[in-house]
């Protein structure tokens, strides 16, 4: 499925370059957040759950981590809604930023022309689910689903550790599209 891995690495580089060019006032913050989340996802993908993922799901997880705040305007959803921002209107005041982030990421994938249509469509669905899962207003819903599925992939000791550490790091947990569907 991923023959010629070099073209995918170039797609990742292009995605990163477009993110930095997107909004120069906040690109440092985006870069740091994306790097931290990418590191967390990389760690998660080194765990036993990796055995249950297809290569496209791994790629989607990494791309979603990189692009989860892509082209962030530097303000939150309530501000966008209160000021009648065009993004709030476009996404009907629902997961405004998350919808903008995943659609910006998909635009980069389409513009790159590096992915076969079938692979790209699969990645689009997964990236959409992953980035939409970062909507803080739905965090408890996703965390509840995550906690139900966690024991299927990890030992009881590790699950206890996750419960303790997730209290302070919940914003860095990227939940699989298998959970959010």
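Cβ atoms here come from the backbone N, Cα and C positions, even for glycine.
According to TrEMBL:
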| type | residues | note |
| --- | --- | --- |
| DOMAIN | 1-181 | domain 'PDEase' |
| BINDING | 68, 69 | Zn(2+) 1 binding site |
| BINDING | 69 | Zn(2+) 2 binding site |
On the 0 to 100 scale, where does the mean pLDDT of the domain 'PDEase' (1-181) fall?
76
DSSP output for residue 68 (Zn(2+) 1 binding site) maps to coil
